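*Asks:* First the structure, which I've put down as structure tokens, then a few questions once you've had a look.
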Amino acid sequence: MKKVSKICCIGAGYVGGPTMSVIANQCPEIQVTVVDINQERIDRWNDEDLDKLPIYEPGLKEIVGANRGKNLFFSTEVDKAIDEAEIIFISVNTPTKTYGKGKGQAADLKFVELCARNIAKVATTDKIVVEKSTLPVRTASAIKSILENTGNQVNFEILSNPEFLAEGTAVDDLLNADRVLIGGDDTPSGKAAKDTLSSIYAHWLPKERILQTNVWSSELSKLVANAFLAQRVSSINAISALCERTDANIAEVSRAIGTDSRIGSKFLNASVGFGGSCFQKDILNLVYIARSFGLPEVADYWEQVIIMNDYQKKRFADHIISTLYNTVSGKKIAFYGWAFKKDTNDTRESAAIYVADALLEERAEITVYDPKVSEERIYADLDYLETRSPEENRRLLKVVKEPMQAAEEAHAIALLTEWDEFKTYNWDTVYEKMLKPAFLFDGRRMLSKEAMEKKGFQYYKIGQS
Ligand SMILES: NC(=O)C1=CN([C@@H]2O[C@H](COP(=O)(O)OP(=O)(O)OC[C@H]3O[C@@H](n4cnc5c(N)ncnc54)[C@H](O)[C@@H]3O)[C@@H](O)[C@H]2O)C=CC1
Ligand SMILES: O=C(O)[C@H]1O[C@H](OP(=O)(O)OP(=O)(O)OC[C@H]2O[C@@H](n3ccc(=O)[nH]c3=O)[C@H](O)[C@@H]2O)[C@H](O)[C@@H](O)[C@@H]1O
């Protein structure tokens with residue numbers, strides 16, 4: 001098996017940055033270079049002030065601080081890094097297509113294709129090219145075709161090595177991965193490439209957690225893993241609606257079913273709806289693939305996971321409106337949390353965006369407090385929807401840096417992200433600052449109904465009547 005001395009990763013995002021930092025940390029003899037065309041992002045990865053890294057993840061700045069400049073480098077010199085590396089990870093974004101065939105469902109592979117063409121153009125020595133991005137099944141054959149037809153007689157082995165980390169726990173997920181999946185050809189050179197990549201992960205993970213499959217199984221498994229996880233959230237959210245109509249309590253139902261070892265207890269927290277850059281995108285992609293292979297029943301089955309998630313977000317917004325006497329026009333509603341989950345500054349597809357959009361349509365005045373998300377990001381999220389003008393968004397929605405400021409004279413508070421700090425607030429003070437009756441809508445089931453009602457709040461918790 002080949003001993004690896006230099007690797008590079010194209011794409012310094014939520015996956016490329018943390019993944020490569022952990023590899024550099026665990027493999028001191030390997031030089032790891034992360035490249036990106038986004039100069040600002042690379043500058044932030046190189047910022048001396050580790051609090052300015054472009055991605056917030058617990059434990060990440062310590063790892064970057066310990067390895068950067070030794071065997072971990074961030075650069076915009078894409079061609080140089082490609083040429084020098086023996087293994088090249090492609091970890092660029094693969095968003096849902098917003099144009100043309102497959103618009104709104106298929107994955108947009110233009111960034112991946114650009115990477116493949118760039119590798120083909122620049123490479124002068126044999127390379128292992130690793131798909132780290134989440135890609136539709138059979139993408140490897142497209143990459144292979146580009147590399148083989150435009151390259152300079154260089155030998156390329158293509159592997160699929162999807163990433164399973166979750167944001168907010170990325171470093172821990174990478175260090176203690178349940179499994180690493182490596183798909184590749186079953187030819188002698190394909191097997192050797194799989195073993196070479198396995199040897200990197202074997203620096204810190206037991207061998208039995210490094211799974212090797214064929215390339216198609218690996219690509220498909222990534223989409224399926226996300227689809228199953230999201231399906232659990234939609235399933236429990238569907239039941240949360242039923243709980244609110246009966247005297248059942250979703251926490252008790254989750255515990256009752258989750259203690260069945262066949263069902264398992266994880267991922268059964270009812271919420272205002274799942275967000276994040278991948279669940280929706282990957283399911284839509286799965287739906288698109290199923291439909292293109294002539295399997296409409298399979299496509300419809302998985303599409304329902306998204307439909308239920310949209311319903312949950314809308315249901316939460318509608319409940320706020322109906323509780324506030326059917327009008328939120330001119331009423332101040334404080335949002336606690338904008339990120340799609342705690343411990344990340346990522347807001348992609350966050351439920352908060354859609355709940356805010358629905359309330360702004362009713363002319364509510366929203367004040368947002370999130371401990372990690374910037375004002376700029378919040379406005380960009382809303383503007384992206386193009387529901388109203390950017391000026392109107394800035395007129396109706398304000399961003400504040402203090403939670404108590406958000407509560408000042410608010411008619412209602414909506415909890416949208418499960419940041420731990422929300423549990424530690426002095427809710428008596430929050431109550432005092434608000435207009436009465438003071439409504440509290442808990443989209444993350446964080447607080448105690450009994451305790452909040454005792455303080456005087458009109459309290460609503462998803463999944464509880
Ligand atoms: N965000 C997450 O938690 C997870 C994401 N994934 C998958 O990983 C892939 C990457 O996702 P993220 O890291 O979240 O995306 P991201 O958007 O944070 O980062 C992608 C980066 O690639 C760069 N890029 C795009 N084209 C480039 C090119 N031609 N040359 C150099 N750089 C280029 C962009 O400038 C950007 O900085 C996606 O396929 C996603 O589905 C998989 C598991 C977890
Ligand atoms: O491909 C990806 O991008 C990643 O997607 C998810 O990770 P992530 O989106 O970062 O975060 P999750 O912890 O899965 O949460 C996703 C959403 O579901 C919500 N959720 C999760 C669990 C739960 O019980 N209830 C619930 O509402 C979260 O609040 C969040 O909005 C998967 O967990 C990762 O394995 C995968 O690598």
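Placed from the backbone N, Cα and C atoms, the Cβ positions cover glycine too.
Just lifted these from TrEMBL, have a look:
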ACT_SITE  Cys278  active site, nucleophile
BINDING   11-16, Asp36, Arg41, 92-96, 133-134, Glu167, 278-281, Arg348  NAD(+) binding site
DOMAIN    334-449  domain 'UDP-glucose/GDP-mannose dehydrogenase C-terminal'
*Asks:* So, in DSSP terms, is Thr96 (NAD(+) binding site) helix, strand, or coil?
*Replies:* strand
*Asks:* Going by DSSP, is Gly11 (NAD(+) binding site) part of a helix, a strand, or coil?
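*Replies:* Reduced to three states, the DSSP call for Gly11 (NAD(+) binding site) is coil.
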*Asks:* Tell me the Cβ contacts of Gln280 (NAD(+) binding site) under 8 Å, same chain only and six or more apart in sequence, or just say none.
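*Replies:* Gln280 (NAD(+) binding site) has long-range Cβ partners Thr96, Ala230, Phe274, Ile306, Asn309, Glu349.
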*Asks:* Roughly how many Å lie between the Cα atoms of Tyr14 (NAD(+) binding site) and the residue listed as 'active site, nucleophile', rounded to a whole value?
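*Replies:* The separation of the Cα atoms works out to 12 Å.
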*Asks:* Report the member of Gly11, Glu167, Cys278 (the recorded positions) whose C-beta atom has the most other C-beta atoms within 10 angstroms.
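*Replies:* Answer returned by the neighbour count: Gly11.
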*Asks:* May I ask for the distance between Glu167 (NAD(+) binding site) and Cys278 (active site, nucleophile), taken between their Cα atoms and rounded to an integer number of Å?
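*Replies:* It is 11 Å, counting Cα to Cα.
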*Asks:* Could you give the number of helix, strand and coil residues in the domain 'UDP-glucose/GDP-mannose dehydrogenase C-terminal' (334-449) as assigned by DSSP?
*Replies:* 46 helix, 19 strand, 51 coil
*Asks:* Among Thr96, Cys278, Gln280, which recorded positions lie by ligand 1, judged by Cβ under 6 Å to any atom?
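*Replies:* The qualifying recorded positions are Cys278.
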*Asks:* Is any of Asp36, Asn93, Thr96, Glu167, Cys278, Gln280 (recorded positions) within Cβ reach of ligand 2, i.e. under 6 A, and which?
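*Replies:* Going through Asp36, Asn93, Thr96, Glu167, Cys278, Gln280 in sequence order, those close to ligand 2 turn out to be Glu167, Cys278.
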*Asks:* Give the number of CB atoms, excluding that of Tyr14 (NAD(+) binding site) itself, located within 10 Å of its CB.
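*Replies:* Taking every protein chain into account, the count is 24.
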*Asks:* When the Cα-Cα distance from the residue listed as 'active site, nucleophile' is computed for each of the binding-site residues Gly11, Asp36, Asn93, which gives the smallest value?
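*Replies:* Out of the listed candidates, the nearest Cα belongs to Asn93.
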